[in-house]
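Features as listed in Swiss-Prot:
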ACT_SITE  Asp158  active site, proton acceptor
BINDING   Gln33, Asp108, Asp139, Gly140, Pro165  S-methyl-5'-thioadenosine binding site
BINDING   His64, Asp88, Asp158, Ser159, Thr160, Asp161  spermidine binding site
DOMAIN    5-240  domain 'PABS'
Amino acid sequence: MSLDNTWFTEIHQDTAFSLRMKEKLHEEQTPFQKIEIYETEGFGTLMVIDGCVMLTDRDNFIYHEMMSHPVLYSHSDPKNVLIIGGGDCGTLREVLKHPEVKSATQVDIDERVTRLAEKYFPELCDSNDDPRAKLLFDDGIKYVQDAAPGSLDVIIIDSTDPVGPAEGLFSTAFYRDCIKALGPGGLLVQQSESPLLHTDSIIKPMHDSLRAAGFLDTLALHFPQCSYPSGWWTATMACKDMPVTFLREAQAEDKPFETHYYNAAIQRAAIACPEFFRKKLYG
């Protein structure tokens with residue numbers, strides 16, 4: 001079956017993912033990237049950046065919850081959180097569900113992502129006015145370089161793929177700066193693409209770079225994300241000075257807020273490592 005121009009299609013490494021469109025709502029070229037917004041038949045509103053699906057109404061909750069709750073429940077007392085990227089503000093919303101968080105700073109280089117999210121994905125921006133939230137539109141790499149040593153408990157890197165503006169967020173030099181900015185027991189989590197498509201090209205080099213930078217331990221979280229290439233995604237957690245563990249498992253069992261995907265059992269399951277993946281990462 002061939003698809004006509006009523007479909008949006010993302011082509012990635014000899015695979016394709018398509019959604020039938022109702023209409024294109026917006027398109028613009030910012031100084032950093034091309035952003036498109038569509039209304040689809042089955043997945044609600046869709047945001048596309050440089051031809052790649054960033055989020056849809058239907059499944060963004062999985063990604064945002066897995067980028068925030070596992071790492072926060074793996075830290076003993078996550079008061080100060082930095083989000084790099086995350087311009088759609090969904091991860092920020094999830095972070096601010098945690099009463100322990102006293103400060104959540106989001107640094108995204110492209111303000112237009114946030115302004116378009118406010119218009120087309122307003123439910124993701126519910127917490128933008130929370131007094132604990134601070135939204136900055138700047139270079140996240142430089143922000144980390146300038147951060148006071150030991151000032152952060154958790155760094156969440158909610159970036160696009162490792163090309164263009166996000167490429168430097170996957171470098172050993174950047175990870176060294178993250179270690180400096182993190183306090184004792186400090187944790188980093190970063191979206192790390194698909195195990196089926198990117199283990200050799202992205203995930204293994206990322207884990208190697210994190211350890212080369214000085215992180216003591218790394219751990220991959222696995223979760224479904226059907227609108228992303230292969231439908232199977234990961235987030236990589238790293239701790240600067242101790243093993244990555246589910247430190248506050250009891251609190252996660254009795255979390256004081258609503259989620260749609262995440263719970264303590266999901267976190268326990270997400271760290272299970274498929275055999276092919278384990279062999280490639282750890283030999």
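Every residue number used here counts from 1 along the chain in the order it is shown.
Glycine residues also receive a Cβ, built from the backbone N, Cα and C atoms like all the rest.
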Recorded positions compared (Asp139, Asp158) - the one with the fewest other Cβ atoms within 10 Å:
Asp139
Should Asp139 (S-methyl-5'-thioadenosine binding site) be counted as helix, strand, or coil on the basis of DSSP?
coil
Suppose you look only at the domain 'PABS' (5-240); what would the mean pLDDT be?
96
Shortest C-alpha distance to Gln33 (S-methyl-5'-thioadenosine binding site) - which of the binding-site residues Asp88, Ser159, Thr160:
Thr160
Once the chains shown are all counted, how many other Cβ atoms turn up within 10 Å of the Cβ of Asp108 (S-methyl-5'-thioadenosine binding site)?
26
Are there residues of the same chain, six or more positions away from Asp88 (spermidine binding site), whose CB falls under 8 angstroms from its CB, and which are they?
Met47, Met54, Leu55, Asn60, Val113, Thr114, Ala117, Phe121, Leu124
Candidates Asp108, Asp139, Gly140, Asp158 (recorded positions) with Cα within 10 Å of His64 (spermidine binding site):
Asp158
Which residues in the same chain, at least 6 apart in sequence, have a Cβ under 8 Å from the Cβ of Thr160 (spermidine binding site)?
Gln33, Ile49, Asp50, Cys52, Met54, Gly85, Ala166
Distance from Asp158 (active site, proton acceptor) back to Gly140 (S-methyl-5'-thioadenosine binding site), taken between C-alpha atoms, in Å:
11
Quick one: give me the count of other CB atoms within 10 A of the CB of Gly140 (S-methyl-5'-thioadenosine binding site).
26
Going by DSSP, is Asp88 (spermidine binding site) part of a helix, a strand, or coil?
coil
Please work out the number of neighbouring Cβ atoms within 10 Å of the Cβ of Gln33 (S-methyl-5'-thioadenosine binding site), leaving out its own Cβ.
20
